[in-house]
Amino acid sequence: MDHFLYREGVLHAEDVPVAEIAAQVGTPFYCYSAATLTRHFRLFDEALDGLDHLVCFAMKSNSNLAVLKLLAAEGAGMDVVSGGEYARARAAGVPGDRIVFSGVGKTRDEMRAALEGGIRQFNVESEPEMRALSEVAAGMGQRAPIAIRVNPDVDARTHAKIATGKSENKFGIPIARAREVYAEAAALPGIEVVGIDVHIGSQLVELEPFELAYTKVAELTRALRDDGHDIRRLDLGGGLGIPYTRSNEAPPLPRDYGDLIKRTVGDLGCEVEIEPGRLISGNAGIMVSKVIYVKSGEGRDFLILDGAMNDLVRPSMYDAHHDIVPVIEPAAGAEQQPYDIVGPVCETGDTFARQRPMPVLQPDDLVAFRSAGAYGAVMASEYNSRPLIPEVLVQGDKWAVIRSRPSFEEMIGRDQVPDWLEADA
Ligand SMILES: *Cc1c(COP(=O)(O)O)cnc(C)c1O
């Protein structure tokens, strides 16, 4: 459920007509619904009712400062994967003890910054990383709290680029070697073991892979406790999928996911963390774009939009489907025709959809890409020297630009020409 609905024939973001925003900020742009973000966060929070828990928003899915502030005010923690994300979380006012640091390649500088600023725990993904963290922390007279990310070797049955829990993936340490690695951790001077971490992938549309993984984590918890480790926290990762098409079977609900967590690890007396990204932000955002041309090709018509793969890369990167809807609601029973929907970038991969049935559209008509709030704006680039597109947040009948569109001058102004090239102009 989200808050992008037609009212009196025009698409609204909560109480604001999308066309009104387009008229003021220009297209393309991202638009987020505060009510949807809040609602999705609360669904997770309530699903874990009865367990000592913290929902850490995976901010790689959407790291705009306003979005972070909104979720932080709801009590969210943050799952960060870089020094830049850590800095953003702190800038949004998230206290260090609500920030979990994930990622396979943390640098010593990133470790130091997080230890200085405060951190709930590092999710450690390898022995070399653990040894480096121990050195950094010990050098600062600290012990770094860690969970070790174990790779449970389960098939998440999702797109290959976002599956992370099989033994051939680069993530975590094999669960079969966990006891050995925890033994080393316990002996390191700059490390304090607090828990276990697992994250098996993204856009999971079934609960079974979670069940397999969490059952293995519960067994490991018992084994590690027998070995003398004080395992008091379980980070169970993110990854619950969202419906990208209206017609799709609905993915599992946070409530059922919460019940699964209680069933598999609820009796261990551990504090539980989860790290949902997409399910909180995905359906809380749309990307609005304008038709520039309608071009007739060999046996097919192309809708050429002003939005492109550099603005929303998921279709070209993950073969992802986004529902694309006209901002003016088509009349009931209106004629439909198939279009190839493309952007202006000079790549054949800059194709959002092929032979997609749409109502007949004209130049200057607006369309909205649904489910674009996660892995949308954050993955954008300036390829083809197209400035990053603005982000807008709607709350009720209020709206505000939360990241503005840079001018060409601002974009170009970041480049620097060495003086030996300036000299003899
Ligand atoms: C990407 C990621 C998440 C969030 O995944 P979603 O599918 O957006 O819920 C959580 N934890 C880790 C470690 C991740 O890499």
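Sequential numbering from 1, following the chain as shown.
Backbone N, Cα and C define each Cβ position, glycine as well.
No curator has checked TrEMBL annotations; they are predicted automatically.
When other Cβ atoms within 10 Å of the Cβ of G239 (pyridoxal 5'-phosphate binding site) are tallied across all protein chains shown, the result is 28. Annotation comment: TrEMBL describes G239, E275, P276, G277, R278, Y375 as pyridoxal 5'-phosphate binding site.
Long-range C-beta contacts of R278 (pyridoxal 5'-phosphate binding site), restricted to its own chain and to partners at least six residues apart, with a cutoff below 8 Å, comprise A58, S61, S202, Q203, G238, G239, L240, G241, I242, A374, Y375. Annotated substrate binding site per TrEMBL: R278, R314, Y318, E347, Y375, in sequence order.
Residues or ranges marked as domain 'Orn/DAP/Arg decarboxylase 2 C-terminal' by TrEMBL: 29-373.
The feature domain 'Orn/DAP/Arg decarboxylase 2 N-terminal' is assigned by TrEMBL to 36-281.
Annotated N6-(pyridoxal phosphate)lysine per TrEMBL: K60, in sequence order. Reduced to three states, the DSSP call for K60 (N6-(pyridoxal phosphate)lysine) is coil.
Spanning the listed substrate site, residues R278, R314, Y318, E347, Y375 have a farthest Cα to Cα distance of 27 Å. There are 16 other Cβ atoms within 10 Å of the Cβ belonging to Y318 (substrate binding site). Note: K60 (N6-(pyridoxal phosphate)lysine) has non-local neighbours D79, V80, V81, E85, G277, Y375, V378, i.e. same-chain residues 6+ apart with C-beta under 8 A of its own C-beta.
You'll find the Cα of P276 (pyridoxal 5'-phosphate binding site) roughly 18 Å from the Cα of R314 (substrate binding site). Counted over all residue pairs in G239, E275, P276, G277, R278, Y375, the record's binders of pyridoxal 5'-phosphate, the longest Cα to Cα distance measures 15 angstrom.
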